[in-house]
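TrEMBL lists 64 with the feature active site, phosphoserine intermediate. According to TrEMBL, the feature Mg(2+) binding site maps to 64, 276, 278, 280. What TrEMBL records for 370, 371, 372, 497, 498, 499, 500, 501, 506 is substrate binding site. For 380-408, the entry in TrEMBL reads coiled coil. Residues annotated as domain 'Alpha-D-phosphohexomutase alpha/beta/alpha' in TrEMBL: 55-99, 104-166. According to TrEMBL, the feature domain 'Phosphoacetylglucosamine mutase AMG1' maps to 178-283, 297-435. Sequence annotations record features per position, and here TrEMBL assigns domain 'Alpha-D-phosphohexomutase C-terminal' to 452-525.
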């Protein structure tokens, strides 16, 4: 490491005085103009991480569903997973270090993580369509270059595409070809094979309207469209040519506001879906004949996929263990349906994709989705090998056919991370193969009415939780109060948890009617306000 070069380059990417940032589930995220030094330093960290694991790592410049003015950065580990928690701490230390401490902190990280500075380093870089992303990814490149790392800049890609590319590179392309063409070919080939099996294959065209959140999803879907079978017709809206990224559109907007995005005209019973800004989340929705809006969120996506996979696993006749992983935000009706009707084990974990992903790895087939539409399916190495073997060698026609469908499902799914493009193809294939309309899918179970609220507090750390965030341990008396309130309503539950990013406490309540869910959420928010030192005026109903 050349201390002079580090000093010189670091001065070109100065840290604003008094700014401290925390690397969380979403990496770093804040206003774009405050991120130049962070990007440079994440270039440095990526080189150290690559040398530590002797593999290629990724750096993605994006702020996902945040407003266009924001930006952010996430590091991608060798198999396309999120950055290791120990390294999240190193990222935070490095981002917040004063200029004169940089050299020292890099040396400390190298000692703690046994980084051999002589090793080669290789970093893949990707970015979203924000106006600030190009310049910020150049700052990442500066950081990589100072420490003598090699890089490949893929330019504009969805977040899941970068995860896929990193995974392909480090599996010697066993997972797929480490190019965008490789991604398009792998997914579309498996999807085309699946669609061929559908009852109405070749007869009717399948139309889908897609809100691309004015983001990267539109660009990449346009590139991928020529690879799709001709019976699938996608119509892109909010493609980024006219409006601002994520403004009144995208998966997050639709989920939070429970209404269609701007710029997409819905006719009754048409299938529509929304991606978020970096295309790692998806939600579906439609309007019924009376004009009423129906949202199909991550819970219902997980349920559809679970029904389909369970049927196939039964046909194949293997004792493969399947489970669904949810967070406390999953609608109670979905949990009940999965456990009681479908008889699939459900596990609840703390909020945050890394917790879901980690838990899903414990099963032969692990389906995980957050209610917000971020999720995927993981197959264990042994399960995947078994399925591929059966698809090739099984003598029984029925079993072999089912194994073949499973094999194509494995190939259309992006197992590295939730991927809106991949999840969309999975859903479209299942609906076609099962001959389901969007209304029939929606009718699998009825969601319990719910309400999300937040209460501002002086310090969010006064709330501590247990049992996958479903129970409050501190402050004293809060959980007892919630228990009393919940007893007042039918089919009800409520929980509170501190936000990961700001001094607010998030409240979730559900009950048999919307009125009761709203009342319960309000009463719980008052309890939080009084027992957890709320700020400002008490919450109003």
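From the backbone N, Cα and C atoms, a Cβ is placed for every residue, glycine too.
In TrEMBL, annotation is done automatically, which means it is predicted and not curated.
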Taking the Cβ of residue 278 (Mg(2+) binding site) as the reference point, list residues of the same chain whose Cβ is under 8 angstroms away and which are at least six residues distant in sequence.
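Looking at Cβ-Cβ distances below 8 Å from residue 278 (Mg(2+) binding site), excluding near sequence neighbours, one finds 60, 62, 64, 65, 128, 158, 159, 215, 216.
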Do the domain 'Alpha-D-phosphohexomutase alpha/beta/alpha' (55-99) and the domain 'Alpha-D-phosphohexomutase C-terminal' (452-525) share at least 3 Cβ pairs closer than 8 Å, excluding pairs fewer than 6 residues apart in sequence?
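The domain 'Alpha-D-phosphohexomutase C-terminal' (452-525) and the domain 'Alpha-D-phosphohexomutase alpha/beta/alpha' (55-99): touching, no.
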Same chain, not part of 64, 276, 278, 280: whose C-beta falls within 8 angstroms of the C-beta centre of the Mg(2+) site? Give them in sequence order.
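Apart from the listed residues, the neighbours are 62, 65, 128, 158, 159, 215, 275, 277, 279, 281, 374, 420.
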Which number gives the other C-beta atoms within 10 angstroms of the C-beta of residue 498 (substrate binding site), all protein chains shown included?
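If we count other Cβ atoms within 10 Å of residue 498 (substrate binding site), we arrive at 21.
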Quickly jot the same-chain residues contacting the coiled coil (380-408) by Cβ under 8 Å, restricted to those at least six beyond its ends, or write none.
190-191, 193-194, 197, 309, 312-313, 315-318, 320, 361, 363-365, 433
So among 370, 498, 500, 506, all listed as binding-site residues, which is physically nearest to residue 280 (Mg(2+) binding site)? Use the C-alpha atoms.
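Nearest listed residue in space: 370.
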Tally every other Cβ atom lying within 10 Å of the Cβ atom of the residue listed as 'active site, phosphoserine intermediate'.
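For the residue listed as 'active site, phosphoserine intermediate', the 10 Å Cβ neighbour count is 26.
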Quick one: pull the CA-CA distance for residue 500 (substrate binding site) versus residue 276 (Mg(2+) binding site), whole Å only.
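Residue 276 (Mg(2+) binding site) has its Cα 20 Å from the Cα of residue 500 (substrate binding site).
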Name the residue among the binding-site residues 280, 370 whose Cβ has the smallest number of other Cβ atoms within 10 Å.
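Ranked by other Cβ atoms within 10 Å, the binding-site residues 280, 370 bottom out at 370.
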